[in-house]
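The structure appears right after this line, and notes come after that.
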Amino acid sequence: MAFSVVLHQVTFLLAVLSLRTSQSKVLGEPLQLTPEIHTVSLQSALQEANLEWTVPTFSHQELNIVFQIEISRMRTSNTIWVGNYSTTVKHEETVHWKWTSDIPLECATHFIRIRAMVDDAQYPPQSSWSNWSSWKEVNAQVSVPPDTLLIFPEDRLLEEGSNVTICLMIGQNLYNVSCKLQEEPIRGEQLDSHLSLIKLNNVVFLNNAGTNINCKAMNGTKNTFGTVLFVSKVLEEPKNFSCETRDFKTLNCLWEPGIDTTLSWHKQRSQHYTLYESFSGRREVSNHRNSHTWQITEDSQETYNFTLTAENNLRKRSVSISFNLTHRVHPKAPHDVTLKTVGATKAHMTWKVPSRGDYTLLCQVELQCEGEVIHEHNVSVHTSANYLFSDLEPDTEYKACVRCASANHFWKWSDWMQKKFRTPEAAPSEALDVWRDVRTENGRHVVTLFWKPLLKSQANGKIISYNIVVENEANPTESEQYSVRAPALGTNLSLDLHPYKIHISANNSAGASPESLVVLSSHSGHEEVHEKTIKGIKNGFNISWEPVSGDAIGYVVDWCAHSQTQRCDLQWKNVGPNITSTIITSDAFEPGVRYNFRIFERSVEENVRLVEKQRGYTQELAPSVNPGVTIHNLTPNSFSLKWQDYASDFQSGFIKGYLVYLKSKELQCNPNWERTVLSDKSVLCKYDVDDPETKTLTVENLRPESLYEFLVTPYTSAGQGPNETYTKVTTPDVRSHMLLQIILPMTLGVFLSIIVCYWKSQWVKEKCYPDIPNPYKSSILSLIKSKKNPHLIMNVKDCIPDVLEVINKAEGSKTQCVGSGKLHTEDVPTKPPLVPTEKDSSGPMPFVFLENFTYDQSAFDSGSHGFIPGPLKNTPHQLGLLAPPNKLQNVLENDYMKSLVESPTEETSLIYVSQLASPICGDKDSLVTNPPMPVHGSEYKKQMALPGSLTSASLKENNLTS
């Protein structure tokens, strides 16, 4: 039994050993697997050759074989490419392989052959190839007419950056062929007399219409031969590919497509995009370049794996994403948003969101004001929500915004839903910042009130007006109220010198602000304080002061923003109680402008008191103008200069003094004068008037009959005034100056004498030789009175008339007033008798005037009794009509006296002066038109005898006074 087992084992081992020995002999020999090429198909447009071959001697089921392929051009000995191709070959299987030529296949004949070698793990490595197959000729050439030039490839499509070889097949009658790429010349390689190759590397995209290649032969026709290269932009991979849902019914997939590769002439359409979902196996072509909508079915999965492929005629590009549907939720915007204001500071907001079962959204609420987010809050929402905004400003426009996103897996916020609203107005919350300016005019206070506009947060609405209540502290029950319409920021009041309290408040549609108080004392506007000079800093002033009292509750600093213009634009700054310095800055401050500051102290009673004045410049500048100068006291050796001052507020700096420049030919400077050289190299003398209050200077030690030039210019810490044109002055000579000193006083004396004589000539004439003396105006009468001689006064009873004259009154003439004041209107004859007749005695009689004459007593005493009356130019009744009653006596006296003066004094020694009583009737300036019945009567005036020594004097005095 044991022997049998051993025998079987030995037999098995011998059989295995025999099989291995047989296999070693077979595998050790090289396998002769010579390929056989069956067909070669060409695709000229792609410059591709597709080979098909088999291995006739292949008897195995499957082996991995390496094929070596050799390609020659134009002749078999001109090998242009050798390469290996490894593949698994099955029994009686046809092998396929594709080769792309670097030149168009139409340009040359190609030859292809193949050999093989087993490369399989079942066999030991082979050291030799099989035999070569027979050459397979690949010929796509076309015949070329003698006068034709063929260019290949024709209308080739390729990507930007590719390399391409252009083949020129030249007819036998053509030579010296030149080509251009667009307008640039290109050169090629001459393979033979009828074949040339032009290699273009890294071609660029020029335009969608393609790139032109044009060729022309020198000896040929004028025809141009060419082709077009359609260069496409490189197809890009889609970017930012993502998918999301807004309603769990559709998936919206978006991507960035990149550059469009469309070419003209339908050579290439725009790339198209395909979506493939691997779990469901669905494939859909998008109708858009950058988006696609994927429908979600009820039985769709929650996880998706998408591949997006972009494809054109030249290549494909793909990207993939995978996601869970609940993680890609992009909610729609909230809807039904409402806002209701609650008072002036609150607003209530409500909204709804799209609902899906128990799906929770997180909503973000924002409140914006003037484009800025002032409040933000998050709210969890299922279907609807609300929110209350508080601490809002009255009369302010707000914008409430809300958006939502998935609460569990945040992906994207929804679009904002916005709603604008405005809160209602409220009464102003702050009192006005008020200031005043007080001045005294004509015994009254002229008060100018100023206030600053409230900030928007303080006004709480549109300010409509300002209320002003003026309360007289002397009589509190008396108050006046004024209203100033907005947007005015001030007003003027005229008040007496009593103390007043002025209450000011701002009003809007909702109410009034707290009152601001201005207190005026009786001495407001009369404060006199010290004014000091300060130095400015950059863009402002550092102002400090000494406290006056210990009970100050604050200070106010005010100034004019435009001190050199009529518009002051008063500004002020409030300072706390324990602060005695502040920095005033303003963009309105300018160099070279003086600013005046006043510091006021506020008391507990709201009284303000001026404690200090300060003035200064942010930057002093040199004076821009020189003062006007006049010359005085010009002598041969000196003259005086006097210049004007100008307003300090218009100075560009603090005037420290004046420089006086003097030019002369001698160039010799007086003592205290400095010899200096100006920037224009001119040499002159300079004198420094270092007292700015001094406005005069006497220049001495000059030469007579010499020309001098001078200039007066002010200077500040920044420099002196402009170097303007000098004023010329010539000193007179000594003799002419002395002569002038003599002639001028004499001329002045003569001139004054002439004026005095002319002024007194009329007086001398009246005193020395009057035309008609007036005894009533003469001083002789006063002499007579002073003597009080009663015999010089003539009584009526002593007067015997020499002539009685009856004055007729024409019919219809005006009624005359007589001495008694009674009227007589009866007609009288044209020639009245000297005495009344009997016939007329019974009837009405005219009033009789009896003239009494003043006579010269000396003439009477001498015994000369002749009576020579002077001619009367005007009768009494004529004078009565032409002159008022109170003037009648003077008229008669003047005329009569004139007639006497004209008569020679030798012819008469007795001079009679008529003294006719003036009529008196009520109104002595007018005659009565309806007089009462006349009463007959006559009246004598007293007559007086004048001594002869006084007659002439009386006449002269009368003439002067008349």
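Each Cβ is built from the backbone N, Cα and C atoms, and glycine gets one as well.
According to Swiss-Prot:
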type	residues	note
DISULFID	Cys243-Cys253	disulfide bond
DOMAIN	237-332	domain 'Fibronectin type-III 1'
DOMAIN	333-426	domain 'Fibronectin type-III 2'
DOMAIN	428-527	domain 'Fibronectin type-III 3'
DOMAIN	528-621	domain 'Fibronectin type-III 4'
DOMAIN	623-734	domain 'Fibronectin type-III 5'
CARBOHYD	Asn219	N-linked glycosylation site
CARBOHYD	Asn324	N-linked glycosylation site
CARBOHYD	Asn492	N-linked glycosylation site
CARBOHYD	Asn578	N-linked glycosylation site
CARBOHYD	Asn723	N-linked glycosylation site
REGION	818-840	region 'Disordered'
TOPO_DOM	29-738	topological domain 'Extracellular'
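Over all protein chains present, the Cβ of Cys253 (disulfide bond) has 23 other Cβ atoms lying within 10 Å. Compared over the glycosylation sites Asn219, Asn492, Asn578, Asn723, the count of CB atoms lying within 10 A of a residue's CB peaks at Asn723. Long-range neighbours of Asn324 (N-linked glycosylation site) (same chain, six or more residues apart, CB within less than 8 Å of its CB): Glu302, Thr303, His409.
Spatially, by CA atoms, the recorded positions Cys243, Cys253, Asn723 include one closest to Asn219 (N-linked glycosylation site), and that is Cys253. Listed in sequence order, the residues of the same chain lying 6 or more apart from Cys243 (disulfide bond) and placing their CB within less than 8 Å of its CB are Leu251, Asn252, Cys253, Leu254, Trp294, Tyr304, Phe306, Ile321, Phe323, Arg328. Classification of Cys253 (disulfide bond) by DSSP places it within a strand. Here the domain 'Fibronectin type-III 2' (333-426) is broken down by DSSP into helix, strand and coil counts: 0 helix, 56 strand, 38 coil. Reported as a whole number, the C-alpha separation between Asn723 (N-linked glycosylation site) and Asn578 (N-linked glycosylation site) equals 50 Å.
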